[in-house]
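Remarks on the structure that follows.
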Amino acid sequence: MNNAVKEQLAELGIEGYLNQHQHKSLLRFLTCGSVDDGKSTLIGRLLHDSKQIYEDQLAAVHNDSQRVGTTGSRPDLALLVDGLQAEREQGITIDVAYRYFSTQKRKFIIADTPGHEQYTRNMATGASTCDLAVILIDARKGVLDQTRRHSFISNLLGLKHFIVAVNKMDLVDYSQDRFEQIRAEYLEFSKHLQGETEIQIIPLSALEGDNVVEKSRLMDWYQGPSLLELLEYVDIDRDKSSGAFRFPVQYVNRPNLDFRGFAGTIASGVVKVGDKIKALPSGKTSTVTRIVTFDGDLPQAQAGLAVTLTLADEIDISRGDLIVLESAQVDSTNHLLADVVWMTEQPLQVGRDYDIKIAGKKTVGQVKAVRHQYDINNLSTYHAESLPLNGIGLCEWTFTQTVALDKYLDCADTGGFIIIDRLTNVTVGAGLVRDSLQNITGQTESFSAFELELNALVRKHFPHWQAIDLSRLGKA
């Protein structure tokens, strides 16, 4: 048991502690930035100074610091996060490491992401589930290419809150001039980011603990809050609940003849008993009669809650369908524009079929064209025929089925999809819907009778090839 938990138990008792803990809000955030900017050390300092480290963990860090540490005689707090042997030996982060901690005000899940360019795909994976990005900048080096890359990816993935932590201020003698110079440089770069992003910039030293949990006495020129205070008070609940109601159906719950409910997690917005809803893509309408949870029925539920909805009418709804309010206008299309983050050595190929998973629905899609690829360093675009490993570009997609979807910036769950290689079943990329385009219909007219017959023969005798049913292309 760590010291923070001991103190809260002594103050509140077991029941009081559990009740308070259950009702705390949860913030998921990631640390990102260039190599050796101090991401893992910052997380280690945050855990250490907020009394979230167990005694055996601290003893192990002291022992490992003598062998593979990079901080001399002091404990290397980065070792609290870097768990892989290769990470400890090289002093770098490779995989995304997740850590959990809580304070009296909030619960946190931290994703420590790698800074090397070759591991950009790992960083994008970590950012995809987060609400906030802590972007580290080395005070000696300033804004680097990887700083811009990670800022752009975080922005592309819809993160609306950035905390830019200018780290290693102790190595520039806590210079206010140096901090202001970096601050101005980053704010100038941020003008090119899309959407509305709240940016807070803070000077700190992860190694010394300045402005991490407690305010620094060596930077009295900085009058803002510490990093932990910013994390505790940022308002992310409003972002999720203010959107339109979206409920991707994950499972049809029918334990007996008298109950039929639709289970899933609310992606955005709020639903109440009595609300008029419709199911997509069918368009059938009904009324919500119950909102069922493990702890009992609720009068209303908001984004993030896992619930089962029961309806007044027996309408056909299955896994992958989307439940929205009856008045909602939702695009249903098989033709769209999406930003793609490519995550494998083999480049994205125009015209090749990939499995697509979006909000519980599975279909097949292919890229008709790569509109452009992004230059991460200056956020400009240039012509490209395909996307390489870690490449990011805007692509035109067609799906074999009509899919109800949103723009990614409006709702990540219904606007984001993963791209899967049909032969290896490996996730090769992530797509973020930019806009829907006019449906493509009548695709079967381009196939001859011989092609359709051959396709049917291949699917019958070689099902492991996962060939598309050409006769169904263009059908919903």
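Every residue, even glycine, has its Cβ placed from backbone N, Cα and C.
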Under Swiss-Prot, the annotation region 'G2' belongs to which of these stretches: 91-95, 126-130, 216-220, 411-415?
91-95
Close in space but at least six residues away in sequence, with Cβ under 8 Å from that of Met169 (GTP binding site), the same-chain residues are Ala139, Ser175, Arg178, Phe179, Pro203, Leu204, Ser205, Asp210, Met219
Name the residue among the binding-site residues Lys39, His116 whose Cβ has the smallest number of other Cβ atoms within 10 Å.
His116
Kindly assign Asp36 (GTP binding site) to one of the three DSSP-derived states: helix, strand or coil.
coil
Other than its own, how many Cβ atoms are within 10 Å of the Cβ belonging to Gly33 (GTP binding site)?
28
DSSP says Met169 (GTP binding site), in three-state terms, is helix
